[in-house]
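*Asks:* Below are the features I grabbed from TrEMBL:
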- H61: active site, proton acceptor (ACT_SITE)
- Y131: active site, proton donor (ACT_SITE)
Amino acid sequence: MQITQTPLAGLLVIEPKVWKDNRGYFYESYNAKLFAEAGISANFVQDNQSFSQKGALRGMHAQSPPFEQGKLVRVLQGAVWDIAVDIRKASPTYGQHFGVELSSENHKQLWVPPGFLHGFLTLEDQTIFTYKVSNYYDKASEIGVMWNDPDLNINWNASIPEQDLLLSDKDLLLSAFKDFKSPF
Ligand SMILES: Cc1cn([C@H]2C[C@H](O)[C@@H](COP(=O)(O)OP(=O)(O)O[C@H]3O[C@H](C)C(=O)[C@H](O)[C@H]3O)O2)c(=O)[nH]c1=O
């Protein structure tokens with residue numbers, strides 16, 4: 001397993017050891033001992049899964065304390081451009097983002113600690129996104145910022161025209177970053 005630091009402290013890219021043979025492949029998608037050695041020692045309490053068509057954009061979301069969530073995210077089928085935004089007020093990279101392609105081909109995972117907004121843009125039809133979270137869902141604790149906020153200026157790294165994006169009604173009404181009061 002290879003762990004890669006990102007420019008945002010604590011945000012890590014994980015690439016598992018993939019065992020391939022004439023039947024296909026095998027890899028450990030999670031190992032508490034190895035992940036703890038890499039600095040990911042969350043107590044995961046819930047697994048989530050979403051299915052999205054190309055152009056679906058989910059984000060940018062987080063849950064505020066005491067329901068803050070660490071997220072270990074990956075793609076089972078298809079591909080996404082995954083984004084995390086640092087919203088830790090004391091962080092030197094506050095407001096900065098990091099993006100990475102997660103796909104069924106590259107088997108990459110992203111560890112998103114509490115203190116980040118998270119979201120993704122779906123790059124292929126019938127994409128299955130799955131993730132472990134370190135706290136339960138709490139609707140009242142949901143916070144978020146618009147995917148296209150000018151101050152965040154997120155690079156979505158894809159040539160999907162805005163009119164072809166698929167967003168929830170909720171995500172069309174999220175806060176502007178200039179009005180956002182981070183609880184981290
Ligand atoms: C997140 C969540 C949602 N729900 C229910 C509530 C909603 O009526 C329905 C769809 O939820 P939502 O539209 O918030 O789903 P996403 O837009 O994929 O939300 C996720 O988007 C980005 C990628 C994130 O990082 C978060 O994990 C999460 O906010 O599922 C639950 O029952 N449990 C849950 O944990």
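A Cβ is built for glycine as well, from the same backbone N, Cα and C atoms used for every other residue.
Heads up, TrEMBL stuff is auto-annotated, nobody curated it.
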*Asks:* In the structure shown, which of the active-site residues H61, Y131 has the fewest other Cβ atoms within 10 Å?
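*Replies:* Comparing Cβ neighbour counts within 10 Å for the active-site residues H61, Y131 gives H61.
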*Asks:* Write down the Cα-Cα distance for the residue listed as 'active site, proton acceptor' and Y131 (active site, proton donor), rounded and given in Å.
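*Replies:* Here the two Cα atoms are 14 Å apart.
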